[in-house]
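Quick look at what Swiss-Prot lists:
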DOMAIN    67-237  domain 'Helicase ATP-binding'
BINDING   His80, Gly81, Val82, Gly83, Thr84, Gly85, Lys86, Thr87  ATP binding site
MOTIF     185-188  motif 'DEAH box'
DOMAIN    413-595  domain 'Helicase C-terminal'
Amino acid sequence: MFKYALPLYPTMEISTESWSLTSLERINSFIEIGNQDEMIYINKDDSTKVFDEIKPMRHQILIGNMMSSRSPVDSLILMHGVGTGKTLTAILSIINNISDTEFGMKRALILTPNRAILSSFKEEVFNCCMHHYGAGFHTNVEHEVRNIINELFKFDTIRSFCNKIAIKSDEIIHKEWNASFIVIDEAHDVAPSGIDYPKLNRFMKILSTRKLLLMTATPMRNGSSDLIPLHNLMMKKQVHDISLEEFHGNYVEINRRRPPSEDGDSIVFSVETPKIAFMTKFAGLISYLPSDALRLDNVNVINVGDNTTYGGVLLSTTNIVSHNMSELMERIYSGLLNDNNNTNRRGDVALLDQRQASRFIFPDGQYGTLGYMAWMNSNTGKATLRFKRELRFGSNMETVLGAVEKFSPRYANIAKTVYECARRGEKSIVYDDLVTGSGLLVLATILEAIGMKRGSGSNRNSFVCMTREVMTVSQIVAAQRVFNSPENYDGSIISVILGSRVISEGLTFKDVQHEHVVAHWNDSETEQIIGRGIRVGSHSKLLETLNTPVTVKVYRHATIYNREPDKSVDVIMYATSEMKRKNINTITEALRSIAMTCPELESRSISRTICAFTPHEENISNVVPLHHPTIRRTFMDRLNETFNYEKDEYFVTRMENFCSAYNLNYQSDGGMRLMFILLKLIQTTPQLDINKFINCDGYFVYTTKTVDEYNSCRTLRYPFDVSYKSTKRLYYDTIVSLITEPNLIKAYETNPNYPLTKLPLHVITIILEKAISRKLLLTSDDEHQNAYHIQALDTFKQYYHIVYESGGGSNSNSATDIKAVCWLSASVAGESTKYRICVSDQNTWKDCPDDMKEQVNNIKVTKDNTTIFQMREKSLSHYGQKNPFSNDFCLRVIPQNSLSAKYDKRRIASGKKCTTWDNATLGRIKQNLGIESPLLHERTTMSRSDSCKLIESRLEEIDAVVTDVACGVQAKRK
């Protein structure tokens, strides 16, 4: 009921507060153990459909419940390994959240790095929604489900979305996107130095209410500083963002080292050690699940090749398939190393020339772009006629591969391997980040030379090039669908994928048994690529058909410069990657230790456990500090810059103002507990259509277009001390109780210490409309409405009328028929523009249009005449009116004639306040009611106030007092 009281701008986080491990355990044990097989808000019938068809795993259910509207977690880095089902985790989390129509988000916003991933995400959303929503339709199921998706889900690429919001004002962004469940897939692509990050960070700072899920298996590519943009996106105030300089100075300790090598030109790499400040800064922001925490039953992964050395140091975690350079390649490569004037030595820090030359040397000794332009058709990406002759097109495979050997031993080996695997019915993926030059398109030409066909086909000899140079996004998605189809489990339609960066993230390839990758500067890239073909459920069709375990082989290729192996660019890249991996593993272990949830790796279980780290400082032992928006000050920003809230006399005065407005006793634990519930509901519940919030005195005020004016509003802060007694523990216990006790809010709503009439009028109007809608849907067999709705319907029965009621004799046929009307706001404002109507279409409420105002006014007058007739039947001259907000009591003369629909609207419809009537009139009224003797000597002299109390009591006994919100309000009607 408090969800309409929300700020336009976000609140400031507390930076010195902490969750206790006990509180975290209560949250997680409730979500995990109490709901290990079902979502909180997806009802059992729906969840059964989802589970039967999609079979979400326990870690997916856990995250879905942690990101529900009931949970205080509003931002999370989903650091789950490749192949663990992050997409389904996100979709289930969204559906679980928005299924809570009371406090869930309004919509989902899905952002991905490119359109290929976006298309794949859309397909996953459709499949999941078909299972969840499809059963509710009998015809045009697909069309209806897509309509639901279009309403609830918005999709875009990161770059496109950032360009759109860059030209919009804060107010427009807040109105369009507040209360959204935002998912950013492959979030590590949001780089702090990129052009998208500032725009996206501004967008996140504007939203006062949102859930944010950052999905990435590899949040760090080069080091811990890659975490900075992810952290900042989760912060709701700019003041809590971390700069690169601050991060390196306060959060990690950096030491630079050089591995032992005879060559003084070896690589210098960094070793980062996280400090306690790092641990506390990221505590509670991470959900951690490595790929190997999920057992891939009957799928064995083999890394083909041997370990190599660099600078005399064994690369212990990297198996390499080595290819010795041919004589031609060595000659060209040696020239690159020895030519001191080569731009590669001066400016090509990525060693691109060496990488091109290590892949393929064209027949004339050129490589890269120059060789490609001379030997390939740059428009079609296919070989020229003279290149085909050099490759012996039309000859047998041995002849072709013999010709290829002198240009590229690596390509000859890959071509032979994938060809033989295809003939055996085993599918392959070949990945390279270089496409033109000496890259993938040259390899595609070699595959064509040995007899394989480009595009889908038959006889297990077809391949496709999934690159933007030769295929559109729609073609890539279509090819992926064919490759993953059950009919193609053995590669009978497409057996080989040649993929560039477009397939390196977010896509799934099924039933793959061979993966060929090239060297990268960081192991995260390689891990992402390998994960495209090794995922949960990715080999289900193959396992079902073969009924035997499946082996997936991973080939990490390297071309070796025989004269000086340590100067082979592939070896240098693998060595750099392994060094970065060792450094990143240290940071990953730190994140794992302070993750909100993580698996018990020892038992390979995916069940939840609290992974607490042991800090070195005694004063924060047994505590996981939490520096993120799930714990905030009150629902406003700050009291003001000069207000000293620590001084008890000022503090208590402000607390009294607030608590008085909400009928709370700030000196009792119960009153404070209810206040925390109020504040938590206000700050975490989606704002719908009303831009209003409550100021420190408990009154609703309108927001403004500028954040500066918003920040100038005086506000309260909490948790705080009351009478020198800390309420911090009470605060945390209350927040946890909101999660673990679902009926707690309803219990407080029906508590007599917090009556309905303490709410502002516009909130009561919304509650009344909701109660009427609920009553319209009820049948005699339905569970009765909740007590709060009953109170609203009974207290304000004079201000609404139900035209069509469930189970009644008449039915509403048209979607535009009026089912109910409400004029509560109009009775205060005195304007017909405040009339509200409920139409038949889904019991929706809206402002009354001009052409219906006369009809609604007739209904209102009829209701008033009914009241007058009932009072006239009691033989009364006056009847009572009671203002539920002020408790004022008024008397109104019963008119002799019925009211007309054309009566003077400028007249005040309510009676006069009882205490303003003269004693003589009050005496006559008391005589009429039989509470005063007509004999003068028997009358007692009493004050007007006492007379009014007697009259009010008597009229209540005979049911002659009605609710009137205008009673006692001296306002002119215009």
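The backbone N, Cα and C atoms fix where each Cβ goes, and this holds for glycine too.
Other Cβ atoms within 10 Å of the Cβ of His80 (ATP binding site), summed over all protein chains shown, number 24. Counting same-chain residues at least six beyond the ends of the motif 'DEAH box' (185-188), those with a Cβ under 8 angstroms from any Cβ of the stretch are 77, 86-87, 90, 110-113, 117, 121, 214-216, 218-221, 226, 230, 233, 505-506, 524. Taking the binding-site residues Thr84, Thr87 in turn, the residue surrounded by the fewest other Cβ atoms inside 10 Å of its Cβ turns out to be Thr87. In the three-state DSSP scheme, His80 (ATP binding site) falls into the strand class. The residues near the ATP site, meaning same-chain residues not in His80, Gly81, Val82, Gly83, Thr84, Gly85, Lys86, Thr87 whose C-beta sits within 8 angstroms of the mean position of the site's C-beta atoms, are Thr89, Ala217, Leu289, Ser291, Gly531, Arg535, Val536, in sequence order. The number of other CB atoms found within 10 A of the CB of Gly83 (ATP binding site), across every protein chain shown, is 20. Around Lys86 (ATP binding site), the same-chain residues six or more apart in sequence whose CB sits under 8 Å from its CB are Leu78, His80, Asp185, Met215, Ala217, listed in sequence order. Helix, strand and coil content of the motif 'DEAH box' (185-188), in residues and according to DSSP, is 2 helix, 1 strand, 1 coil.
Listed in sequence order, Pro56, Met57, Gln60, Arg535, Val536 are the same-chain residues at least 6 apart in sequence whose CB falls under 8 Å from the CB of Gly85 (ATP binding site). Model confidence over the domain 'Helicase C-terminal' (413-595) stands at 90, taken as the mean pLDDT rounded to a whole number.
Within the same chain, residues at least six positions away from Val82 (ATP binding site) with a Cβ under 8 Å of its Cβ are Ala217, Thr218, Ser291, Glu527, Gln528, Ile530, Gly531, Arg532, Ile534, Arg535.
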